[in-house]
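Student: OK, TrEMBL features for this one:
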COMPBIAS  411-421  compositional bias 'Basic and acidic residues'
DOMAIN    147-267  domain 'Palmitoyltransferase DHHC'
REGION    293-318  region 'Disordered'
REGION    398-421  region 'Disordered'
TRANSMEM  12-32  transmembrane segment
TRANSMEM  53-77  transmembrane segment
TRANSMEM  197-216  transmembrane segment
TRANSMEM  228-249  transmembrane segment
Amino acid sequence: MVGARRPETRWVTRLIPLFLGGCVGFSTYVFVKRICVDFYIENRHESHVATAFLSVYFVSFFLMLLTYFRVFLVIQFDPGVVPLGPLAVEQKKKEKERRRSSGCCGRSVDDLEANRYEGYWPDPSVDSPGLERFYSKDVFICYTDGRPRWCSSCSNWKQDRVSHCSEIDRCVKKMDHYCPWVGGIVGETSFKFFVQFTFYTAIYCTVALVAAGMSLRESLQEEVTVDGFVIGLLVIAGFFGIFTFAMTATSVQYICVNLTNVDYLKAQTLVHQLAIRVPRGTPPGPDYGVITYPLPKPQPSPTSPQSSGRTAVSEPVSSRDLLAQRTFAVVRTEKGENPFDIGVYRNWKSVMGNNIIDWFLPFNRSPCESFENSESFYEMGPLIQELRARFSLPEIPPNEKGGLELSELNGRGKRDGDGML
Ligand SMILES: [Zn+2]
């Protein structure tokens, strides 16, 4: 389990389920006893109306509870956080030991300051763990120098679509937002269930609003005393109904354009930098730099590797090592372009599932969780081909198209004598 760093957020997250349970308990009492039993069955003898309301109410109630527990449990036990890098693990241990030896009691000012690993940005080692996972792909998101993005807090390379959540101080895949209502961080593993939960809650609230509104209107027409509990239900259902309807609508919008909440906030101005594979040894172009992996071991003094093919050539490179090298052009998208947009329907299916049962029931997980191929971490859209044409990037010749074996890459990373074209 990964909890929030700030104590107040942790407490709010713990108390909210109790508050929600109280609201649901109150709503169920008013709906069943006061509206259906007392008003429609005993006063008006309209048991068919009560039966219809009760059926719709409990179906939507069941689906709301089912999706709530699904999203809550996923967030607690599999929130899609990225493992910490070795430096962060080491630092975390030291922090724990330091707190223990200083006799500091539990949560303290360290709650805010813990887990800061500044000063490791980014790992300068050419054999940095995890780096090979990027250059075994054909496309990945990178910095200007062609290296993948780096998280200084987690001391780890950030895969595409990973963002650091300051609330839990961990990197999260397709991070959307921290939501105390469902117990934590909503991201790749939980977003589908989150949307289903807000959708069924909006329906549940609508059913309660309709029943409460009808019984109130009929009470006023018959000049019967208005039940204060029914007014209370109207207020609660109205508040949560508007809230969850708005959440559902915005979440569906994000899914259709294949953006997370984090992406969407800066979507109009965001410029992606992409490393796109080109033939081995391609020189820098007028509008792009190039980088070749594995990175060279700098000689004689340790300096950061540079882009645009400007390299410190070290030892002679064997022909086998030459074959393992991969060159990437570093290009920039225009503002607002989204390389992960694969069309509305496929965007939808990548999150919600491949059939209509998956869209409505919270059992199977999002297909994008299990997507990964030799080309990219997530499926990418036609923008990649557009960028190739826009920057006149040469195509990969057939003799370079075979994927690198990971075992070969791992072995390659351990050997000395890495070089660069
Ligand atoms: Zn991080």
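Cβ atoms here come from the backbone N, Cα and C positions, even for glycine.
Those TrEMBL annotations? Automatic predictions, nothing curated.
Thinking about packing and proximity, how do these listed features fit into the structure?
Tutor: With a cut-off of 8 Å between Cβ atoms, the residues of this chain six or more beyond the transmembrane segment (53-77) that come close are 1, 17, 24, 28, 31-32, 35-36, 40, 182-186, 189-190, 193-194, 196-197, 199-201, 203-204, 207-208, 211, 362.
Non-local neighbours of the transmembrane segment (197-216) in the same chain are 27, 30-31, 35-36, 39-40, 53, 56-57, 60-61, 63-64, 67-68, 70-71, 182, 226-227, 230-231, 233-234, 236-238, 240-241, 244-245, 247-248, 251, 362; each lies 6+ residues outside the stretch with a CB under 8 Å from one of its CB atoms.
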Student: Would you kindly list the residues that approach the transmembrane segment (228-249) from elsewhere in its chain, counting only those six or more residues past its ends and only Cβ-Cβ distances under 8 Å?
Tutor: 23, 26-27, 29-31, 34-35, 195, 198-199, 201-202, 205-206, 208-209, 212-213, 215-216, 219
Student: Pull the DSSP breakdown for the domain 'Palmitoyltransferase DHHC' (147-267) and write it out as helix, strand, coil residue counts.
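Tutor: Final tally across the stretch: 69 helix, 21 strand, 31 coil.
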